[in-house]
Amino acid sequence: MPKPKLKRVGVLTGGGDCPGLNAAIRAIVKRGKQLGFKIIGIRDGWKGLVERVDFEKLNENRVRGILDRGGTILGSSRTNPLKIENGIKKIIDNFKKLKLDALIAIGGDDTLGVAKKLPKNFPIVGIPKTVDNDLKGTDFCIGFWTAVQTATEAIDRLHSTAESHHRVMVLEVMGRHFGWIAVYAGLAGGADYILIPETPIDIEKVCQTIRERTRKGKSFSIIVVSEGAKLKGKLVSKTGQADAFGHLQLGGIGDQVADLIKEKTGFETRATNIGHILRGGTPVAFDRILGTRFGVKAIEQVSKKQFQRAVILKGDKILSVPFSKIKGGRKIDPEVYRVASIFFH
Ligand code: F6P
């Protein structure tokens, strides 16, 4: 008797990379093998199904030793099939060409947004990831907690140099239009002020806080600012360029805030932008566990033929919801920001 043919499941990682993606890929491959699937890794996100057919077969050997590795072994891109002529058709054609039976897309709002535009009978499952943690529908996304840890360590390091030189240090962190990373890292690192996109910057209040700290004998201050925080309602971008999804490349608000603080208070001030360091490095335990649990759930969804859904974290449970329930635009919980602001003095 010929053995039944293994079902082929594609997996791709799209958008900005983050720590914890490899844990998800590893889990899909290992659990997939137990369930009788062959896993096909699509390289560089949607690019590997649209601009060219680029893939590799994933087996247990290929995913050995990747649990603690940052980034994604599959590569990523910000390729937007919706901006490419016949992009969706190309995905469907290449999916068929690769003889795939299902697809698992690991990504943020952009990558999963493309998944939502596929026909309603397309066999796809989504896994949410983004350091920004700005997806509605899941408590946390893969990558967020490692980014928070890295930013917290940066704040810790800034503390000692700020104290030695009696300076104001401004740290700019990623997060796009939401202050998740800034608030969580600022809380963990004991920031003296946190500026986020959800709340207009009141530079006078920031300077007042710094002056009061000095009066109380604290000769230094740490200010954390999220890249999407706005001065007079304006986003700051050094390049002015947008990516394929139309997102403006943010960056530079930290410098502007530092200049204003220096001008208004006269205190020596320095700005640091942690930039993409935030997205690199080894994932913290939480992201390894979340990636693994999401990966297992996603491939089990495939085996149950429950498609057009994304896996999510609610409390301590991994569940799945229809794609429509997962979307961008999730603001930081004002209660968490309120708690962080108790320490702005
Ligand atoms: O969406 C994740 C993110 O890291 C944002 O925080 C940041 O604004 C953006 O990606 C940077 O994008 P890129 O890697 O394309 O420079």
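Cβ atoms here come from the backbone N, Cα and C positions, even for glycine.
These come from TrEMBL:
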type     : residues                                                                                               : note
ACT_SITE : Asp132                                                                                                 : active site, proton acceptor
BINDING  : Gly16                                                                                                  : diphosphate binding site
BINDING  : Asp109                                                                                                 : Mg(2+) binding site
BINDING  : Thr130, Val131, Asp132, Arg167, Met174, Gly175, Arg176, Glu227, Arg270, His276, Ile277, Leu278, Arg279 : substrate binding site
DOMAIN   : 8-301                                                                                                  : domain 'Phosphofructokinase'
SITE     : Asp110                                                                                                 : site 'Important for catalytic activity and substrate specificity'
SITE     : Lys129                                                                                                 : site 'Important for catalytic activity'
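What TrEMBL annotates, mapped onto the structure for a quick look.
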residue	record	Cβ neighbours (10 Å)
Gly16	diphosphate binding site	22
Asp109	Mg(2+) binding site	24
Asp110	site 'Important for catalytic activity and substrate specificity'	24
Thr130	substrate binding site	27
Asp132	active site, proton acceptor	28
Met174	substrate binding site	25
Arg176	substrate binding site	23
Arg270	substrate binding site	17
Ile277	substrate binding site	15
Arg279	substrate binding site	20
Where the C-beta lies under 6 angstroms from ligand 1, the matching recorded positions among Asp109, Lys129, Met174: Met174
Integer average pLDDT (0 to 100) for the domain 'Phosphofructokinase' (8-301): 97
Coarse DSSP state, helix versus strand versus coil, of Asp109 (Mg(2+) binding site): helix
Lys129 (site 'Important for catalytic activity') CB neighbourhood, other CB atoms within 10 A: 34
Lys129 (site 'Important for catalytic activity'): nearby binding-site residues from Met174, Ile277, Arg279, Cα cut-off 10 Å: none
Candidates Gly16, Asp109, Asp110, Asp132 (recorded positions) with Cα within 10 Å of Arg176 (substrate binding site): Asp132
Within 10 angstroms of Met174 (substrate binding site), Cα basis - recorded positions out of Gly16, Asp109, Asp110, Asp132: Asp132
Length of the line joining the Cα atoms of Asp110 (site 'Important for catalytic activity and substrate specificity') and Gly16 (diphosphate binding site), in Å: 10
In three-state DSSP terms, the structure that Ile277 (substrate binding site) belongs to: helix
Integer Å distance between the CA atoms belonging to the residue listed as 'Mg(2+) binding site' and Thr130 (substrate binding site): 9
Farthest-apart CA atoms of Thr130, Val131, Asp132, Arg167, Met174, Gly175, Arg176, Glu227, Arg270, His276, Ile277, Leu278, Arg279, residues recorded for substrate, distance in Å: 33
